[in-house]
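As structure tokens, the structure follows; a few thoughts come after it.
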Amino acid sequence: MELLQGKTFVVMGVANQRSIAWGIARSLHNAGAKLIFTYAGERLERNVRELADTLEGQESLVLPCDVTNDEELTACFETIKQEVGTIHGVAHCIAFANRDDLKGEFVDTSRDGFLLAQNISAFSLTAVAREAKKVMTEGGNILTLTYLGGERVVKNYNVMGVAKASLEASVKYLANDLGQHGIRVNAISAGPIRTLSAKGVGDFNSILREIEERAPLRRTTTQEEVGDTAVFLFSDLARGVTGENIHVDSGYHILG
């Protein structure tokens, strides 16, 4: 069943085929959606274009969008308005922190490192939502990705955990602001997946092993599981869901 037939979504944050953003894109494509991709910097452009070309039947718009640059962000959504008109949602899959700030103790986080992580990983959702609102004239859903480290202390997550906590709070406030426009805002808290970002988290293999040994489902999370949950949140099946943080982590978050 093509739950998203005739709808258009922007997917932000694809880096390579292991990206959670790419898993979301594939699931949206399989559900009948039309996709627009953004990339940050020329280094990622080729990857994004090559991946977009693998989606059969899609002629995806691929646009530059550095979320730390207000002018480029505005220009991106203005181009979307000119080329497409209306969109029905955004998958915000963007986060970054300096690797050095993911080591050692959080108390030693640098001021610049803290602000960088907050700017890219948390504030960017608000900046994106402000621009997306202008082209989401039929309502829809804005989705972001978070992790358990935003709710509790996870070793080696440090400054990113604090940024994710900020992101999760932003989801609630944005949901309150944008609900009157028919726009829902939600987050998926995905379990650990081997992505480019995960390489920066120390002892990542140990985290995966613990999930496999202790999570109720006794397995790690897949791109497809996150992507299919995104389809639900973007579809009318979730029309009454906003301000939520849905865990897709084999149940690991319920453990004490």
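Including glycine, each Cβ sits where the backbone N, Cα and C put it.
Residues or ranges marked as NAD(+) binding site by Swiss-Prot: G13, S19, I20, D66, V67, I94, K164, I193, R194, T195, L196, S197.
Annotation source Swiss-Prot lists substrate binding site at A97.
Within the same chain, residues at least 6 positions away in sequence whose Cβ sits under 8 Å from that of Y147 (active site, proton acceptor) are V154, Y157, M160, G161, K164, S189, A190, P192. Under the heading active site, proton acceptor, Swiss-Prot lists Y147 (among others).
Annotation comment: Swiss-Prot describes Y157 (among others) as active site, proton acceptor. Around Y157 (active site, proton acceptor), a 10 Å sphere centred on its CB holds 23 further CB atoms from the protein chains shown. The DSSP secondary structure for Y157 (active site, proton acceptor) is coil.
Taken from Swiss-Prot, the feature site 'Involved in acyl-ACP binding' applies to N205. For N205 (site 'Involved in acyl-ACP binding'), no same-chain residue 6+ apart in sequence has a C-beta under 8 angstroms from its C-beta.
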Whole-number Å only: compute the distance from the Cα of R194 (NAD(+) binding site) to the Cα of A97 (substrate binding site).
17
Helix, strand or coil: which one is A97 (substrate binding site) in, per DSSP?
coil
